[in-house]
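Participant: The active site, proton donor annotation in Swiss-Prot covers Y129. The acetyl-CoA binding site annotation in Swiss-Prot covers 82-84, 89-95, 122-131. Under the heading domain 'N-acetyltransferase', Swiss-Prot lists 3-152, citing sequence analysis as support.
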Amino acid sequence: MSINIKAVTDDNRAAILDLHVSQNQLSYIESTKVCLEDAKECHYYKPVGLYYEGDLVGFAMYGLFPEYDEDNKNGRVWLDRFFIDKHYQGKGLGKKMLKALIQHLAELYKCKRIYLSIFENNIHAIRLYQRFGFQFNGELDFNGEKVMVKEL
């Protein structure tokens, strides 16, 4: 099983822009075009393509944001805008990619926690995150989405 997490570059940008979620997920996540524009405006975001067996199957953004809290004086590591392309959904790739992303972020940032935010009615995604140990912490992000955190 070959899983790769690759930065968005000129070489894969067109393919990244061609990734889409299914129709019923459109209200939960921005398009990759908007995501890449946001990453240009906020240098903390690191947009990546998610590859399985050489095929581009998904997208995510992550980063270390300088939010101070007692246990994480250097900031918070956030996983954001994670999705699997509609053509690859229903094949277990969400689980595989989330596991790989958690491991990648833990190694890259040497962090104690990973944060994400989610719409409270995105039940399928909430269940996935809960299976991987993410729990609601009672916070809301600046968009009013509920914050989940995973202790590493």
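Numbering starts at 1 and runs along the chain as it is shown here.
For all residues, glycine too, the Cβ spot is worked out from N, Cα and C.
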Participant: Write down the Cα-Cα distance for the residue listed as 'active site, proton donor' and F82 (acetyl-CoA binding site), rounded and given in Å.
Facilitator: 11
Participant: Among the binding-site residues K95, H124, R127, which residue has the fewest other Cβ atoms within 10 Å of its own Cβ?
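Facilitator: Across K95, H124, R127, these binding-site residues, the one with fewest Cβ atoms within 10 Å is R127.
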Participant: Should Q89 (acetyl-CoA binding site) be counted as helix, strand, or coil on the basis of DSSP?
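Facilitator: Looking at the DSSP assignment, Q89 (acetyl-CoA binding site) belongs to neither helix nor strand, so coil.
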Participant: Let me know the most crowded of the binding-site residues, choosing from Q89, Q130 and counting other Cβ atoms within 10 Å.
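Facilitator: Sorting the candidates by Cβ neighbours within 10 Å, the top entry is Q89.
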Participant: Looking only at the domain 'N-acetyltransferase' (3-152), what is the mean pLDDT?
Facilitator: 92
Participant: Looking only at DSSP and grouping its letters into three states, which state does F82 (acetyl-CoA binding site) belong to?
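Facilitator: F82 (acetyl-CoA binding site) sits in a strand per DSSP.
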Participant: Among Q89, G92, K95, these being the binding-site residues, pick the one whose CA is nearest to that of Y129 (active site, proton donor).
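Facilitator: With Cα distances computed to Y129 (active site, proton donor), the winner among Q89, G92, K95 is K95.
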Participant: Across all the protein chains here, work out how many other Cβ atoms are within 10 Å of the Cβ of F82 (acetyl-CoA binding site).
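Facilitator: Around the Cβ of F82 (acetyl-CoA binding site), 22 other Cβ atoms lie within 10 Å.
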Participant: Three-state secondary structure of the residue listed as 'active site, proton donor' from DSSP?
Facilitator: helix
Participant: Show which residues of the chain containing G92 (acetyl-CoA binding site), separated from it by at least 6 in sequence, have their CB under 8 Å from its CB.
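Facilitator: G92 (acetyl-CoA binding site) has no long-range Cβ partners.
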